[in-house]
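Listed in TrEMBL for this protein:
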REGION    1-76  region 'Disordered'
COMPBIAS  32-54  compositional bias 'Basic and acidic residues'
TRANSMEM  185-207  transmembrane segment
DOMAIN    365-570  domain 'FtsK'
BINDING   Ala392, Ile393, Pro394, Arg395, Met396, Gly397, Lys398, Thr399  ATP binding site
Amino acid sequence: MNHPDEENELLSRLEADMGSHSGADAGADVVDLGKARSARTESPDSAARPRPDSSDTGGVDESGQTTARPLVDGPDVAGPGYLGRLAGAKRRAIVPAWLRSKAELKAAASWVARHYAHLAGYHALRSPVYVGRLALQAPRGAARFVGGSLRWIADREGEPVRLAAVRREDVGDYLKLSRQRDGRVRLRTLVVALATLVGTITALALYVLAPGWFQAVSLGALVLALGAAGGHADAPVVHRAVEVTKAPKLTSDIVLRALGALGIAPISQAQAKGRDGFTFTAPITRDGPGWRAEGDLPYGVTVTDVIERRDKLASGLRRPLGCVWPEAVPDEHTGHLVLWVGDQDMTKAKKPKWPLLVSGVVDLFQPVAYGTDQRGRWVEVTLMYIAGVIGAIPRMGKTFLLRLLLLIAALDPRAELHTYDMKGTGDLDPVGNAVSHRHAAGDDDDSIAYTLADFRELREELRRRVKVIRSLPRDICPENKVTSLLADKRSLGLHPIVIGVDECQVLFEHPEHGKEFEEIATDLVKRGPATGIVLLLATQRPDAKSLPTGISANASARWCLKVMGQTENDMVLGTSSYKRGVRATMFAWGDKGIHYFMGEGADARIVASTYVDAPGAETVAVRARQVRQKAGLLTGHALGEAPEQVTGPTYDLLADIVAVVPAAEPKVWSETVAARLAELRPEVYDGWDPEALAAALKPHGISTLQVGRRIDGKVVNRRGIDRSHITTTIAERDGRRDAG
Ligand SMILES: Nc1ncnc2c1ncn2[C@@H]1O[C@H](COP(=O)(O)OP(=O)(O)OP(=O)(O)O)[C@@H](O)[C@H]1O
């Protein structure tokens, strides 16, 4: 039988052959595939070699000239040489990863110890019941023993053969067998007589000589042995103490059976023809608490096709869905499948304890463990230099994940936290109230105003930081970004700022301030990471409205729990993630906290975030607060201080002027502008006169000028503004900002 790749190669050669003839008689060639195949089978590598005869390398055209057929297959020597192959070879780890992990070994050892301690306790408690049951079964055991011995003496096992000889009326055989039986019976009778004698003497000796306890033990052992012999197969005396989860060994047959059941045509067709439909490239091995199989799918089948049918794969493997994790290997071809089958469902498997739950602080510039992968190994995240997006359908663990990340941030005493729980259920309160510089919960007007004021402050802070970084000497700030050392220098004010917003769509969809929130958040996402400002946005409705594309496209860290469709998936995980097989749609409803994590240029990984409930979060936050208190780094909301800007929010004067002066009015008197501004935002502009406006415009480099207006036929000159000056200044400012 030909291998599929050989067949494909053959077909492409035939196509090439047909193509070469097409000039003379296009489409007229009839190719006998059967013959061609058998020719191919006879000479397996002949197709790859250019053949010398002219009929194969070309043809003869009408003018009698030989036409050279372009050779598509190279000469014999193909591919890298020995050294090249060695350089490109993939070395398997000498010590498997799971053996290198001390934590994993420790966990395994303690599981084994606890398992046997449980067994011992369970059976010790039930041992009197076991003894009673065995004693009850002992008479039956004794009867079986006597009956069995008598049958043995009488050579009952030979009886069927003797009867067969009788039926055949074969006198010779019968006599031979009878003689043999007589000899056997004599010998066995002797053995039994001797054993009975020895047994009786031993019993008598024990009765006379042995101490009482020894007699009791011996009698007990005899009764138990007879009890065990008298048992029924369907009524075991000793019951199971542990229902061991049946995690059968993953074999190649099981993998092939499961792949064959996926309904992927090329695999099914190959298997129907007696081939495997999957080529294992490495032996199936233990990998952490599970099995790992690796190999190539048939041509044209991608790992994505398998991931899409994860539920069918689980059915084929006869394992729970949470145990079955097909994955693509990023630097391999798209048909290279790694199948990891865990012993236990990922959601149910016991997770290691999060070390930060009980002790320790964090350096946000360093990676910090926040979850575990399918194999139970820690997955780390570096919260600095990122802008992150968390997306999921409701109730999958989005808020818990955001809170977990904020707890990590809280444990770096330098980090200034701004926490916004727009859902308003108080999920972020443990962090917010303990350590946050700014914190609000709910989507009422006060919370929105508070958040807006803070966002405006953050925008100013971002601008300040950009200037500070630009002004720092190269040797101190070589990469033009905040480093851990720079963050330590309090005089520079470049400490990490971590902003977490749950249900961020509330901000971006706000009828009045939505655009401004979007503008500031986009700026923070784009320029924040380098300046030490980290924005983490969580939403349960990842679409273009709730997560503006300027933000979702620029986020460098993405966490995607279960979502329902391709659009949401790609919105959170990045364009064409779904196509590449990174599909958070495959998570089951019960996969709470399980998500795809993509960050820091790394490929998507499946992670189960550490479960820290509200009391746990409170404990960690209290510890974080104590550390901050000691370092004198507790500020703002955590100290009970109200922000200064809430009652008098900062504003964008230039944008406001453009809003109130339409393009049809190129030049307007200052008093008109002031009146319109006061109408737009009375809390800010009420009481402004032309002088106040002129003073406010001065820092922007804009001065007022004489504007003449015809009133009652006379030209009246007053101070005013030229709208084009305002728009030019805005364009310059925004241009600089974008460029920055
Ligand atoms: N890492 C986790 N491991 C196990 N269970 C979790 C995990 N994270 C969250 N859960 C469970 O999922 C539930 C929902 O979590 P959470 O409130 O974070 O969801 P959500 O996506 O924010 O929901 P909503 O959209 O309603 O705000 C929690 O009550 C918790 O029991």
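Here the Cβ of each residue, glycine as well, is placed from N, Cα and C on the backbone.
Keep in mind that what you see is a predicted model, and the values were worked out from it rather than measured.
Locations of recorded TrEMBL features on the structure.
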| residue | record | Cβ neighbours (10 Å) |
| --- | --- | --- |
| Ala392 | ATP binding site | 28 |
| Ile393 | ATP binding site | 18 |
| Pro394 | ATP binding site | 11 |
| Arg395 | ATP binding site | 12 |
| Met396 | ATP binding site | 24 |
| Gly397 | ATP binding site | 22 |
| Lys398 | ATP binding site | 28 |
| Thr399 | ATP binding site | 22 |
Request  = Using DSSP reduced to three states, classify Met396 (ATP binding site) as helix, strand or coil.
outcome  = coil
Note = Residues outside the transmembrane segment (185-207) whose C-beta sits under 8 Å from one of its C-beta atoms, at least 6 past its ends, are 149, 152-155, 214-215, 218
Note = Here the mean pLDDT of the domain 'FtsK' (365-570) is 91
Ask   = When you average the Cβ positions of Ala392, Ile393, Pro394, Arg395, Met396, Gly397, Lys398, Thr399 for the ATP site, which other residues in that chain have a Cβ within 8 Å of that mean position?
value = Gln540, Leu561, Lys562, Lys592
